[in-house]
Structure formats: C-alpha cells, structure tokens
C-alpha cells in the first residue's frame, strides 16, 4: 500500500464481503463460508461459546497470576518473579502472530484445540514442579495456551462484528472480569491460607476446567466449518509440508520469537548474575537477538511468500502510531504492577484476599470504562478524542500515584489511584486496537490484531524487565539503609526472595523500615512509568481520525 491508501478505510467494505485478494488461505475461506451459514442462531451460539471460554479464562487469569507469587516464594525465588514475568510476556506476545496466521491456514476451531492443549500441558507441569526451573518450563507451555486462546477470542469477535461495533464487542467480552477478580480473591485466600489446598491444586484444577469451558466454542466452530465444507462452499486444496510452512511463515515466526526472546530475557537475567553485565553470555545473547530482529524485515519483504508481519504495515501511519502508543502504555503499566501484589502484602500488610482486590481494581475499572468507551465509539463513529482523553488520564494517574501510593497513605487513597488508572486504561487499550484494524482487509484481521497485542505485551515485558532491574538493584540497598544496625543478611535475603518469609511484627520500627524501603523501590518504578506514558498524548494527537464503517 502507498500514498492515500495507506491511511484510509475507503473501498474496504471487508466486513460484508469476501476478501478474494491476496494468497488463498483455507482457514479464511472456511470461516467466511461458515459465516454465510450460521445466521442469527449460529451467531448466538458463537457468542455463548465465547462467553463460556472467557469466564474460565478470566478466573484462570486472576488466580494463576497471583499463585506465581507463592510458587516463586516456595522456591525462594521471588527476586526472579520479574524474569518469569518478562519471559512469560515475551512468549505471550510473540506467539500471537504465528497463532493468528495458523488460524487463517488450518481454521479457527482447530487452532482453539491446539491452544487449549498447550494450556492443559502447562497446568500439569506447573502443578507438579519441584524446582523453579521446572515451574518456569510449565509456565512457558501455559502462556502459549493462554496467548493462543486470547488471540483466538479476539479474532472470532472480529469475525462476527463490524468495525463500528467491534470496540464495544471487544470490551464487553471482558465482562466476566467485573466479577472474577472478587471471586478470585476469595478463591486465592482459601487456597493459600494455612490448611488450604495450596497453590499447586489451585493451578492444577484448571487442567479440567479449561477444556470444559472451551468445549462449546470449539464444537460450534467445527460444526459450521464442516457444514460449509460438506456443502462445497470452501475450495479444497491439497497442502504439502512446504506449502503449509510457507503459509504460516515459519521462518518469519522463528525470527520473531527467537529475536525478542534473546534480547529481552537476558536483560532481566543480567541483574541476577554474579558479574551482571560482565557476564559474557548475556551480551552474546542480546547481540544474536538483535541480529535476528534486524534480519526479520529483510526476510519478510524479500523471502516470505505469506509474511506474518508485512513490511507495508510499518509504512502505514495509523498502524505505526497504534503500535507505539500501545507499547509505551504497556511499559508504564508493567512497571507499576509487576511487584504491586508483593508490595501490598509486605509494605501494607494486606491479606491474600485484600491484595487480590487491590491488584485487580485497575482491571475492573478498565473493563467498565472500556464498555462505556466502546458504546461512545459506536455511536460517534470516532475514536481519536477518546484516545487523547485516555492518554491524559493515564498520565495524571501516574502523577497522582507518586503521592498516594505509599506506606503511610490510607487504603482509600491506594484504591482511588488504581481506579484512576483503570479509567485511562479502559479508553486507551480499546481505542488503539480499532483504528489499526480498519485499515486492513478482513483476511489480515488476525495478523494486525496479533501485531497490536504483540506490541502491547512486548511493551509489558520491557516494563517488567525494568521493574525487575529496579527491584534487584535497589531493594537490598534500601533495606540496609532503612534497617540500619538491625539489618542482618539473613533477614534481607529472606525479604528479598519471598513474600512468605519471616518479617518483623507489624508496627515495630523494623517493620516500618521495611515498608518504607519497599515503597521507595516502587516509586522508582512509577517515575519510569511517568516517562513512558508522557509521549502517549503527543502520539494520540497525530493519529488519523477516521469515520468507523
């Protein structure tokens, strides 16, 4: 695409017609044919299926994330939480484009099955792990399944909605999140309390629940896909191993996944190695990763027949601005939330239930505001001024956070800050995705959706990496500073590596010193978030303001 076509939605009535341009991909043809068959009844069956899978997905998302704190603590590896979070974020991000491409090739229902299978394998490995490394390996499989399910939900929503209503539909799909965090708080509290079933069973039970929750959407999609094939509505095409690898752009997927992994994971590992940046393999891995990422555009433009990430996307003003916006916003969010649960339990003395409430207040407000913003977008058919407003609220929220997220602030002040952040998040995350989607044809909807979300998660990974570096390099010095003569190496190491370690009694001078030390560390992270979010207002200002079709 070039010139005006790069940034307009003219002549892209891709919601109501088949997109016959570009290379044939059987998965696209199958879902388009299925859409002509399912009618009102089938559409509602798909919606019900999405609702069921989203309920289980959100319960999993709001509990397993918390269990990571207890799992790493049980292995005396809390300081590695940021590394685990960064690695998870990288996998979550880079797996989306290949999964999206795969759904275009083999079909939506089949890709759901693959994602749920990875989910189940991850649950089993995590629940049965005996070391941190084994747990981390399980997390990788778990995140592949989680990321695949997440992008498939977004793709199917895009399949059944118009651009005008897509923002509302995407936001409303997270309606279960208005309830699940509160339920999750009680679940987590019962699971991890003395005498509870423990985090292992808390994770393991989802190996049963997730397949049950996903069964309806998978069955519905497979039924209509098969019906379309039986009626001869989809072209039958023989696929060789070579053509299959070409269609999913195996080479591009490998460069993307390996490149980002080799750059970002060593950044978090560097802070925990004895020689830090003097460790030779850290530099080597980062250099190799940078080379692979540098080779990706050349490969996609010159060698890939079905590029997973077409280079023309990066000549499109709308897409580039959306990617920069969502990446910078995610950096700020991850900086301020990676250690939020740990801080609330240590520095504020929150029980597991109350810490979970606190952790997810931002997300609940984001969901509510996202639904409202989606309706506003549908009725006004605009998104730009919503996005600018969201960016301003986000920046103000971080500024207020510097003052109101402290060891001595009231509980009400802490929750108010989270609510302000949620308002900005709800507007921004929604308003960034839709404009990127409307400038591409329907057959590329999975790719652009995956690319935007990929940049979001990569931004989150960078933010988690920064938070991990700040925690690793500043928490121990702060503990020694505030504890003074009462700081023993054993106490400092215990607090550094575990939220369930032995800490001085609440209200003692030593405990107050620990609370203020952790709070100072968190403020360093908030300063970083302010710097990351400030450009968002400027970027949003330059975003084109299309009328949504």
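Glycine residues also receive a Cβ, built from the backbone N, Cα and C atoms like all the rest.
TrEMBL does not curate its annotations; it predicts them automatically.
The domain 'Major facilitator superfamily (MFS) profile' (46-548) scores a mean pLDDT of 83 in the predicted structure. The domain 'Major facilitator superfamily (MFS) profile' annotation in TrEMBL covers 46-548.
Look at TrEMBL and you will find 44-66 (among others) tagged as transmembrane segment.
Taken from TrEMBL, the feature transmembrane segment applies to 116-144 (among others).
Under the heading transmembrane segment, TrEMBL lists 165-187 (among others).
The transmembrane segment annotation in TrEMBL covers 199-224 (among others).
Annotated transmembrane segment per TrEMBL: 244-267 (among others), in sequence order.
With a threshold of 8 Å between CB atoms, the same-chain residues lying at least 6 positions outside the transmembrane segment (279-299) that come near it are 251-252, 255-256, 258-267, 269-270, 273, 309, 311, 314. Look at TrEMBL and you will find 279-299 (among others) tagged as transmembrane segment.
Per TrEMBL, the feature transmembrane segment maps to 319-340 (among others). Below 8 angstroms of C-beta separation, residues 81-82, 85, 89, 313, 358-359, 362, 387, 391, 394, 398, 401, 421, 425, 428-429, 432-433, 435-436, 439, 448, 451-452, 455-464, 466-468, 471, 521-522, 525-526, 528-530, 532-533, 535-536, 539-540, 542-543 of the same chain, each at least six residues beyond the ends of the transmembrane segment (319-340), sit close to that stretch.
Residues of the same chain lying 6 or more positions beyond the ends of the transmembrane segment (360-378) and with a Cβ under 8 Å from any Cβ of it are 62, 164-165, 167-172, 174-175, 177-178, 181, 184-185, 337, 386, 390, 415, 418-419, 421-423, 425-427, 429-431, 434, 548. According to TrEMBL, the transmembrane segment annotation covers 360-378 (among others).
Tertiary proximity for the transmembrane segment (385-402) is limited to same-chain residues at least six positions away from its ends with a CB under 8 Å from its CB atoms, namely 325, 329, 332, 336, 373, 376-377, 417, 420-421, 423-428, 431-432, 523, 526-527, 529-530, 533-534, 536-537, 539-541, 543, 545. The transmembrane segment annotation in TrEMBL covers 385-402 (among others).
Nonlocal intrachain contacts for the transmembrane segment (414-436), taken as residues 6+ away from its ends with a CB within less than 8 angstroms of a stretch CB, comprise 163, 166-167, 170-171, 318-319, 322-323, 325-326, 329, 333, 336, 344, 348, 358, 361-374, 377, 383-384, 386-387, 389-398, 400-401, 404-405, 448-449, 451-453, 456, 536, 543-544, 546, 548. Among the features that TrEMBL reports, transmembrane segment is placed at 414-436 (among others).
The annotation transmembrane segment is assigned in TrEMBL to 448-471 (among others).
The transmembrane segment annotation in TrEMBL covers 524-543 (among others).
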Exercise for the section: Please work out which recorded stretch in 44-66, 448-471, 524-543 has the most C-beta pairs separated by under 8 angstroms from the transmembrane segment (244-267)? Expected result: 448-471
Practice task
Give me the stretch from 44-66, 199-224, 448-471, 524-543 with the greatest number of Cβ pairs under 8 Å to the transmembrane segment (165-187).
Solution key: 44-66
Fill in the blank from the handout: Between the transmembrane segment (199-224) and the stretches 44-66, 448-471, 524-543, the largest tally of CB pairs under 8 Å belongs to 44-66
